[in-house]
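Participant: Pasting a structure below so you can have a look.
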């Protein structure tokens with residue numbers, strides 16, 4: 001018999017879905033007492049090499065308020081050629097093309113193994129992909145040269161029919177005309193004045209590309225539509241390569257003590273307007289490269305005086321950041337415009353100081369774009385990360401989807417509260433929309449402009465079935481996820497995932513519900529909720545909310561005697577959850593101390609879009625130990641794991657750190673690894689490096705690589721992440737294990753757990 005752990009794993013691999021609860025409480029009242037809501041982490045484009053797309057369109061329920069897709073949960077009458085919708089119970093006739101179906105000849109969408117299935121839409125034109133480069137020229141020559149080389153490299157990776165455009169900016173904004181032979185021609189705009197899409201259309205003489213009337217059947221291959229500013233790669237490859245090579249640093253002089261005048265806000269506005277006027281609702285990426293903060297015009301984040309530092313968290317808390325609100329408002333308006341027309345905005349920011357990601361974060365967050373942060377464009381971190389944007393699948397197609405929409409349909413007993421992730425609401429009200437909103441709610445449809453195989457949304461549900469209307473024994477609730485998107489091949493595709501879970505009466509079957517708890521998924525779903533709240537609430541308030549939820553969960557599902565904390569026990573399905581919450585409280589997602597606003601925005605951006613595995617690594621980093629006593633092994637993320645004769649490899653998602661213990665570091669300095677008789681030591685030093693390289697080669701964005709040792713300045717990255725079970729206060733305690741004491745006043749996991757148990761038991765007594 002399959003265990004819940006295996007069931008959860010199989011569902012994630014097949015459907016890209018992880019639920020907080022895999023048996024659902026059958027009434028609204030009982031569901032609210034579960035503390036953690038019924039919710040799911042859903043990866044719309046989960047990679048399935050064994051799932052070839054089907055070359056026909058889905059069969060829909062005929063009821064206009066439903067329109068659910070035929071799926072394995074539907075009841076089928078093969079004789080009468082009828083099927084009953086499992087969401088609204090409407091009986092539907094199969095289309096004539098299904099005349100030959102029978103119990104022995106079922107279409108793929110009725111087979112249980114195809115609970116997720118992808119259809120190819122054969123009608124409508126196939127549009128080319130569009131890439132619009134928006135390049136900051138206010139940077140050092142070395143950085144600009146490296147960026148130019150990376151962009152030239154990317155041109156060679158684009159399909160020949162892809163349309164490309166180029167906008168450069170500094171004090172002025174230049175829109176380059178790429179259709180000119182022999183000369184470089186561009187339109188120059190002032191960087192201090194914003195332009196509406198209509199004004200831009202008139203100034204550039206733009207017109208929308210007409211979309212041909214939708215027709216059924218295979219499309220006749222036509223040359224891709226284009227204009228002077230967006231041209232096919234195959235036509236202007238050489239010209240654009242030369243143009244990029246000739247790009248110079250912004251010519252306007254920068255007086256001493258001043259920052260260069262950088263018009264990022266206007267440049268992005270023109271990019272959004274250009275695509276808005278020419279290719280609305282077509283897959284397009286605006287790829288913006290910035291080397292510093294916007295210092296003039298709409299969207300500016302700091303003045304040009306170098307003596308005035310860019311805002312910090314302290315300034316924002318004291319309401320002393322004069323440009324934040326206005327700058328954020330400008331970029332939010334641009335993000336919403338881009339999301340409406342289905343265009344993606346990527347931001348690649350490389351500088352030693354902040355560049356304004358706090359104000360600009362809504363652009364990638366709302367459009368499903370990438371956010372990359374680094375020190376310089378001339379580092380392997382940026383170069384390899386940018387190259388991975390253009391990763392291709394086994395069929396030679398980019399691993400990216402464009403202009404996606406997600407629609408969710410539910411059984412009558414459950415409704416949708418909202419979604420948290422890289423999406424915007426399409427304001428589609430329906431019978432399955434809950435009045436209680438969580439995240440982006442009040443809708444059953446969302447726009448996801450940019451999708452990758454790991455893009456993951458958190459979807460929150462509300463059980464609405466009343467306590468006095470019991471669900472029959474064996475009843476199941478169903479949810480259908482319908483994702484429509486433009487594939488990188490130009491095809492429109494529809495991926496449909498339909499899942500079902502059992503209902504249970506929480507008064508008589510609480511053990512069944514408890515056994516179905518997915519603590520990993522629940523931790524990520526609650527973390528997303530906490531980070532979403534942290535954007536608008538005070539940090540301490542969010543931590544208090546998180547603590548209250550944890551205490552309530554422990555009281556509901558823990559086993560203990562009144563007023564006896566030592567008796568507290570958690571079943572195996574809940575045992576790791578408090579540990580996840582402990583590390584989440586200490587994480588840079590909720591603790592802004594020692595991080596700039598840009599860094600916090602960057603960390604939160606990635607957490608809100610990554611899948612479960614990567615999100616767990618972000619909350620609780622993985623620690624591996626290498627020593628002579630045995631093969632590499634995972635060890636506790638604890639200060640007791642830091643030993644003199646060990647090498648540690650820590651993966652935090654954003655950093656890959658190799659730490660050499662005191663003895664190992666001394667041997668390395670003495671050069672033992674270079675002596676033939678100490679070859680085993682050389683192998684020991686090399687083992688974590690090889691494992692680190694494996695992670696570095698596969699992750700997006702590429703993590704920062706840190707090689708440090710006992711007493712090294714960068715060892716602080718490890719010391720700040722481990723549980724401080726040994727500190728300067730207890731390092732000489734009797735029976736204390738050996739390890740590295742951490743100089744901190746933070747509480748350890750043990751103290752945290754002791755306090756949690758005590759609080760649960762005492763509060764229980766007070767309630768009794």
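From the backbone N, Cα and C atoms, a Cβ is placed for every residue, glycine too.
Dumping what Swiss-Prot says about this protein:
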- 2: N-acetylthreonine (MOD_RES)
- 61, 66, 85, 88: Zn(2+) binding site (BINDING)
- 308: phosphothreonine (MOD_RES)
- 632-718: repeat 'Gelsolin-like' (REPEAT)
Participant: Please work out the number of neighbouring Cβ atoms within 10 Å of the Cβ of residue 66 (Zn(2+) binding site), leaving out its own Cβ.
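Facilitator: The answer is 18 other Cβ atoms.
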Participant: Any idea what the Cα distance is from residue 88 (Zn(2+) binding site) over to the residue listed as 'N-acetylthreonine', rounded to a whole Å?
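Facilitator: With distance taken Cα to Cα, the residue listed as 'N-acetylthreonine' is 31 Å from residue 88 (Zn(2+) binding site).
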Participant: Run through the repeat 'Gelsolin-like' (632-718) and tell me, per DSSP, how many residues are helix, strand and coil.
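Facilitator: Here the numbers are 44 helix, 21 strand, 22 coil.
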Participant: Cα-Cα separation of the residue listed as 'phosphothreonine' and residue 85 (Zn(2+) binding site), in Å?
Facilitator: 63
Participant: Compile a sequence-ordered list of residues in the same chain as residue 61 (Zn(2+) binding site), six or more apart from it, whose Cβ lies below 8 A from its Cβ; state 'none' when nothing qualifies.
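Facilitator: Sequence-distant Cβ neighbours: 67, 68, 69, 70, 85, 87, 88, 90, 92.
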Participant: Using the CB centroid of 61, 66, 85, 88 as the Zn(2+) site centre, which other residues of the same chain sit with their CB within 8 A?
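Facilitator: For the Zn(2+) site, the extra neighbours are 62, 63, 65, 67, 68, 87, 89, 90, 92.
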Participant: Looking only at 85, 88, the binding-site residues on record, which one has the least crowded Cβ, with the fewest other Cβ atoms within 10 Å?
Facilitator: 88
Participant: Which residues of the same chain, at least 6 positions away in sequence, have a Cβ lying under 8 Å from the Cβ of the residue listed as 'N-acetylthreonine'?
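Facilitator: Set apart from the residue listed as 'N-acetylthreonine' by at least 6 residues yet with Cβ under 8 Å, we have 10.
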